[in-house]
């Protein structure tokens, strides 16, 4: 039955959350107004706190309501119906929670609540102004899921909308307004992946974390505390850099494992939208570290911290307003919220820039001129490089926005994203990588010592020499393997190695002094390793499924065309790259049984999710199901077994690339399977299979009249008719008393193995029924047509069809493990730096500001607003 | 001139280089007529074309050519652009499985001789994102 209570409760919670955020923003603003930092108007502060706590409770309530709707399959709600289904396991119910726009806003809101509470707890002094910013952001975010109409303007899109209110025109609701669908439309199968359970929360936590330093910076500008905001917010910025960086790489890893564009990064606008703020945030962290150490780059820190949050907002606008509709494969649909998003973005752009401009002159500037021997200079250059790299991605990704903007002004523009995006981005990003790797090495070495010409030359000599030697070695090895190496690649390789080795040297020295210091070094080793991994795996990615036998349709076309896919007939071996490969059948995932189960062992029933075992289902020597048992299966995905045999070594391995035929999602959704070696990955995915929506084309039935023991020829195979026996219950006939069921027992000799084929003949209530049996491997179908008991003759019909095939694309990705291990090191380094800075901030807070002597020019007295 | 000024000038210079390279690499949405004109002028830069697939009365797509058993890497189809100009397109990759369902197709590539050689196909299947119908929905249920 229709249950409107829970939706109403959820919607009410949204409204409460919105109102509470508004009250909190106003009260916190009033509490902090006209007072120096640390002093507040007590009564306003209490109201602000109460309102934010109420807001938090309301947000939790929204989440509980929405999850209950999904968990209890309340398909009368549009959100549950369009994102979930009856057979979805619980962990994917969690991911369908944030599959939709509204849910992902909710996730973001939730993290802000957590962070806000942490700030109320740990940063008492900053609470009022920082929380004013937080609550202001929450006000905008909750308005996105408000779902109310004010004066004909739709404000937000509610996740609690009823299906009948969403699909108003559907005739069924006219006849029965209380209609509830029996099942939902399900979760996009590409999202049914464990990374999609943990990746979005990570990313949104990263999004949320950029707000913390931003709020501190804004509070600092507002309260005229232009210096003190850095120390408490640096650990938060580091945490943001860590979480966002890991989130980006999780997305990359998910793409690598699940999507089939053949890599981990596609320069899709949605990916870029996260990469840009991350680069800027990392640059901002460098600025803040510079300020902490040598009282320079404070203005830069302000600008970058503010920019990283504004870029997160811009990213949100890009991916959710529908402006990328033609440019991205996975941006959200337009919910009609573009205007609202734009107001959100503009509000913060204007507020931040206005505050920044107003205070610009009073922000202290270092008076010392940076010289070549100052590590600060090189860190600063590094941060600049990151920003320029971010600028390129930003400028290009925004092309659809220019079109939209010009269109808004009435000018028709037909500018499109570059046709070859990879080449376009690589052109600049590769050099950014070169500079980053080189500067991390140089600046890290200089950072920890006093520099002049002599010391610098001395400390650069050893890593420099090892770098050159190892680079030469690698280049020789590459040449030895008959691969080309362009000068650009050589430069990136050398600087990447320098980045690793120089930082390694630094870490080894620092560990002896104090482990806590080495976080930066470790993070930089990670970054350099990632660059080397990207160079190897992307630069030398090798398609091993090159089709050499393809027809030449038109001689006018040059031979540089893609012929990257091979067709594999079932059970026929084919050479591919250095391998002999064969496709040997279709498999299902059966819960509880390790590995996959051959489809031929399963007899499908009317219930899609249940099958009968035709024989014992064994795995690793253990029997999981006996013949005739009912087996629970996951029918959505088919796993195509592909056996690889390396020609040179004779080593074999098996991959199960997965594909899902999903009419509603529009066709075939393929995911790769990856065989991991220490030095490379073999990556295979299905490009195409025979169209499963079309019925198989069976040949005309050919009849054979046989006696027991006869042999017949079928296509290229022969079969022995071994006898007739009573039919087993296994086929799910549901036999009753008085029914007669017999089956023929054939042994068919295929290329690789023998098949038992059992066509059945059933007599029930003097009606004859025939159940044919199919050997998918051989494209054969047999039907038991008749029995002539007097002559001991049996008539069987045989029809054949085209054999099953798959079209496969396979690649080799050398040294991709460098990328993943580099990511882990980077995360570790960020974590160590975070711990160190957090400790410093706490120490500073403990011994109440004795204000470190700061050499500043134009050190104006700071006025409280 | 101070060092910091030089630095700022350097940044601006790089930013300008980045902008110029983006402008240089940016592609355009064009009609088939313009794609042909470009090819006739010897301009082989890739362009985007937005079009629809021609269908007959039964909604079947006309002019699809894909026979994987002959060559899995050859797929040809006809696309009609917004100006109703039809053009034969070749895609040297397997046919995207959801091709038949798509309402709008965006291709990138360039004309070569009389055919448009596409290297990327972006399909728009609106049903993929917004469900509009309920399967098996009859008023008698419940």
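A Cβ is built for glycine as well, from the same backbone N, Cα and C atoms used for every other residue.
Keep in mind the model is a prediction, meaning the values are calculated, not measured.
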Matching range for TrEMBL feature annotation, transmembrane segment, among A:173-189, A:258-274, A:275-291: A:275-291
Correct range for transmembrane segment (source TrEMBL, candidates A:52-71, A:72-91): A:52-71
Interface present between the transmembrane segment (A:234-255) and the transmembrane segment (A:428-448) (three or more C-beta pairs under 8 A): no
Remote residues contacting the transmembrane segment (A:130-151) - C-beta distance under 8 A, at least 6 residues beyond either end: 11, 14-15, 17-18, 21-22, 24-25, 28-29, 31-32, 48, 51-52, 55, 59, 62, 102, 105-106, 108-109, 112-113, 115-116, 119-120, 123, 157-161, 211-212, 214-216, 218-219, 337, 340-341, 343-344, 347-348
Same-chain residues at least 6 beyond the ends of the transmembrane segment (A:298-317) whose Cβ lies under 8 Å from its Cβ atoms: 207, 210-211, 213-214, 216-218, 221, 226-227, 230, 233, 237, 240, 273-274, 276-277, 280-281, 283-284, 287-288, 290-291, 323, 338, 341-342, 344-345, 348-349, 352, 356, 360, 363-365, 380, 383, 387, 390, 394
Non-local residues, at least 6 beyond the ends, that sit with Cβ under 8 Å of the transmembrane segment (A:460-480): 441-442, 445, 490, 493-494, 497-498, 501-502, 505
Two-stretch contact, the transmembrane segment (A:203-222) and the transmembrane segment (A:275-291), at least three Cβ pairs under 8 Å: yes
Average model confidence [pLDDT] within the domain 'Cytochrome c assembly protein' (A:103-321): 89
Per Cβ pairs under 8 Å, the stretch of A:12-31, A:52-71, A:275-291 packing most closely against the transmembrane segment (A:234-255): A:275-291
Intrachain neighbours beyond the transmembrane segment (A:275-291), with Cβ under 8 angstroms and 6 or more residues off its ends: 206, 210, 213, 230, 233-234, 237-238, 240-241, 244-245, 248, 297-298, 300-301, 304-305, 307-309, 311-312, 315, 376, 379-380, 382-384, 386-387, 389-390, 393-394, 397
